[in-house]
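Following: one structure in structure tokens, then a few remarks.
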């Protein structure tokens, strides 16, 4: 199962680096920072589906 370490997040500003991740909400996040901030916003209910676009 794919996983991402989000212990350093949320961060106030994310880089523009594009390395897409697909969340359990079937939404593509542009990079780990954007994904981890969304995980924080979801109180941990959002998980990683897989690396790459959904």
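Each Cβ is built from the backbone N, Cα and C atoms, and glycine gets one as well.
Look at Swiss-Prot and you will find 4-54 tagged as domain 'Kazal-like', backed by sequence analysis. Mean pLDDT across the domain 'Kazal-like' (4-54) comes to 95 in this model.
Of all Cβ atoms in the protein chains displayed, 23 besides its own lie within 10 Å of the Cβ of residue 36 (disulfide bond). What Swiss-Prot lists as disulfide bond is 6-36 (among others).
Sequence annotations record features per position, and here Swiss-Prot assigns disulfide bond to 14-33 (among others). Residue 14 (disulfide bond) has a Cβ environment of 17 other Cβ atoms inside 10 Å. For the recorded site, residue 14 (disulfide bond), the DSSP three-state label reads coil.
Sequence-distant contacts (6 or more apart, same chain, Cβ under 8 Å) of residue 22 (disulfide bond) comprise 28, 29, 48, 49, 50, 51, 52, 53, 54. Classification of residue 22 (disulfide bond) by DSSP places it within a strand. Residues annotated as disulfide bond in Swiss-Prot: 22-54 (among others).
Taken from Swiss-Prot, the feature N-linked glycosylation site applies to 43. According to DSSP, residue 43 (N-linked glycosylation site) sits in a coil region rather than a helix or strand.
Comparing Cα positions, residue 6 (disulfide bond) lies closest to 33 out of the recorded positions 14, 33, 43. Taking only the Cα positions, the spacing between residue 43 (N-linked glycosylation site) and residue 36 (disulfide bond) is 11 angstrom. With a cut-off of 8 Å between CB atoms and residues at least 6 apart in sequence, the same chain places 9, 11, 14, 15, 17 near residue 33 (disulfide bond), listed in sequence order. For the domain 'Kazal-like' (4-54), the DSSP counts in helix, strand and coil order read 10 helix, 9 strand, 32 coil.
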